[in-house]
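Straight from TrEMBL, the features:
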- 12-38: transmembrane segment (TRANSMEM)
- 50-72: transmembrane segment (TRANSMEM)
- 84-111: transmembrane segment (TRANSMEM)
- 132-153: transmembrane segment (TRANSMEM)
- 188-213: transmembrane segment (TRANSMEM)
- 234-255: transmembrane segment (TRANSMEM)
- 267-287: transmembrane segment (TRANSMEM)
Amino acid sequence: MDLQAGRLINIFTFLLISESFAGLLTNVYIASVPLYDYFKKANLSTSDKLIVALCVSNVYCALLNGVFLLTINMWPDINTDINIMGIFMTLQIFGISSSVWITVCLCLFYFIKIINFSSGPLGWMKMKINVVVPWLIVLSEVVALGCSLLTRIPSVIKEFYYNYSLDYFQTLNVTSRPNVIPIHYMSIYIIGLFVPLLTMLVITFVTAGSLYLHIRRMKKNMGTSSNSAAHQSVVWTMIRLLILYTAILVASLLYTLKIFTSTNFAFFTILMILYSFPLVASVILILGNPKLKKPLMTMYNCSVGCKK
């Protein structure tokens, strides 16, 4: 590896670490806003419970990524230890899967709140939503834990070892070693990412379609209302989160399939996408929630006023 390539890797590593800790700070901020209200009023709304749970999961992912990057930079030999890398993979799968499934719960909550249901299972869920949501959060964590434990199955470990070691062979310019598609490993991604993404897609599509029809009816009768504007903001948040996690799924598959070598610019771009999701998810939540945006705007206006 030449000096210029080494400098580029150091720059990208610094960017990845910066992304991780920026995501850590923004998610801590988001979680602190409803928790402050909880300690002040002894009341935490159902939506705030979901947001806090999602932020805790994102904090876990950001902290894990940041600590891992710092560790392999301080002790580079760890990067060649397949056992340590396997443990990191297990912990990472848990964090990503947890975030995605809790996001599905958040989208389902918005769906139940926005759409009017008079009867049936969804009507019952609408009435019992305050009781159902905590159990949905627990279920999300159980599924995420199950996905992470699947990575410790011997066949998955073997696939991971085989594919991870390809980078080592590529550095030696060995081309006779064939690529193997990690079917078992990819099936975990399907459970942990694809299934919740598909669920999120259906929920978001139905919510957006129903809201669009409702707004059209309102315009014909009496015009739009403040609730319609708030609901539109919620739907846009759902769409942005869907796009974000779709990008994470695609980047994860590209990384797993080893399409790009570890010295390729596209490889670093994939890593940037994977490490950015806690930060980007927090920005999406802030932009879509006036309660989260207001303290930041107050701080910004205060800083501008103080400078003047």
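Counting begins at 1 with the first residue displayed.
Positions of Cβ are set from backbone N, Cα and C atoms, glycine also.
In TrEMBL, annotation is done automatically, which means it is predicted and not curated.
Computed from a predicted structure; not experimentally measured.
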Out of 12-38, 50-72, 84-111, 188-213, 234-255, which stretch has the largest tally of CB pairs under 8 angstroms to the transmembrane segment (132-153)? 84-111
Chain residues in Cβ proximity to the transmembrane segment (50-72) (below 8 Å; excluding those fewer than six residues from its ends, i.e. six or more beyond): 13, 16-17, 20-21, 23-24, 27-28, 30-31, 34-35, 44, 78-79, 88, 91-92, 95-96, 98-99, 102-103, 105-106, 109, 133, 137, 140, 275, 277-279, 281-282, 285, 289
Looking at the stretches 12-38, 84-111, 267-287, which one shares the most CB pairs under 8 Å with the transmembrane segment (234-255)? 267-287
